[in-house]
């Protein structure tokens with residue numbers, strides 16, 4: 001099941017860590033219609049009764065701890081974008097890995113992890129510092145209100161990013177200190193940008209940042225705690241926001257600031273905008289008001305909710321592919337990595353997740369990373385057989 005290829009029954013051929021074909025695998029001397037030959041150097045993984053998708057992509061992760069890798073991959077995610085430097089105050093607030101030394105150290109640390117990682121540098125910098133971060137290996141930049149999301153900052157970061165052909169992600173100015181929604185859109189100036197948590201609970205011009213979904217040049221995403229909108233969402237977000245931004249519930253101004261970001265009306269509207277395809281990505285905002293292991297499950301919980309409401313006529317296959325794209329090909333295109341990941345097309349990295357249909361998007365049956373098994377359901381390792389204890 002793939003948002004580009006569609007929904008088909010087929011074998012997937014992998015060679016040297018890349019997908020090389022989708023068709024019928026076997027021995028052409030004993031089978032008809034073989035398009036991929038199984039030879040002496042071929043390993044076999046059975047996908048009978050399972051659904052194969054590309055490994056999911058989370059485009060908004062605050063890298064607080066290495067354990068997030070295992071939470072992510074055990075939920076079917078094989079690519080993450082964002083990061084930071086660990087449990088530092090800057091990383092808890094923003095997804096920026098600032099400066100050459102920090103970038104180099106994080107890349108070395110992440111080399112040990114069975115996951116693709118794209119670091120975003122601190123976008124609130126002068127041109128030489130922005131250029132130095134790109135040359136050190138970042139995938140793009142993060143502009144965040146906690147460091148300052150002024151119009152001049154937005155313009156400078158986008159100017160450098162366009163010259164180097166990298167993406168900018170933005171968390172706009174919630175309190176409208178340095179400008180209003182219109183000022184931010186003017187500073188963006190029609191250039192492509194990835195707008196995080198466009199509903200606003202995660203941050204952004206209050207109360208109208210959701211308008212940015214209508215800008216043709218803006219690639220919008222949601223963060224998973226607001227999805228799907230249910231009865232307890234408002235209360236949970238208010239408490240999360242107070243904690244993550246060091247606000248004091250005893251200070252009226254802090255409470256007022258938090259309440260300006262948490263709105264039932266825009267969170268409810270966000271569901272429908274996802275079903276229309278107007279909001280094209282889902283991410284976690286892990287460790288800063290989001291859960292790294294829940295973007296997949298919440299994406300398809302939302303798909304189910306919108307199917308039951310039946311507000312937008314489409315069949316099940318159309319809807320499931322639309323929602324699958326939100327955690328696969330859309331973030332891949334947005335961050336310029338769709339030549340490597342994003343779909344099961346031949347030539348791309350063999351990051352493949354096998355799902356038991358009963359637990360689709362909840363917990364994988366197996367995760368294949370770069371052609372090798374990186375995570376799987378297993379039985380007791382001292383048992384006579386290694387069955388995971390479920391019937392497929």
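Every residue gets a Cβ built from N, Cα and C, even glycine.
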Site-mate of 60, 62, 142 for Ni(2+) 1 in TrEMBL, selected among 271, 275, 285, 315: 285
C-alpha spacing of residue 60 (Ni(2+) 1 binding site) relative to residue 245 (active site, proton donor), in angstrom: 17
Candidates 60, 62, 171, 197, 285 (binding-site residues) with Cα within 10 Å of residue 144 (substrate binding site): 171
Candidates 142, 144: member of the binding-site residues with the richest Cβ shell (10 Å): 142
Rounded to the nearest Å - Cα separation of residue 197 (Ni(2+) 2 binding site) and residue 62 (Ni(2+) 1 binding site): 14
Pairwise CA distance, residue 285 (Ni(2+) 1 binding site) versus residue 171 (Ni(2+) 2 binding site), rounded so that it is a whole Å: 11
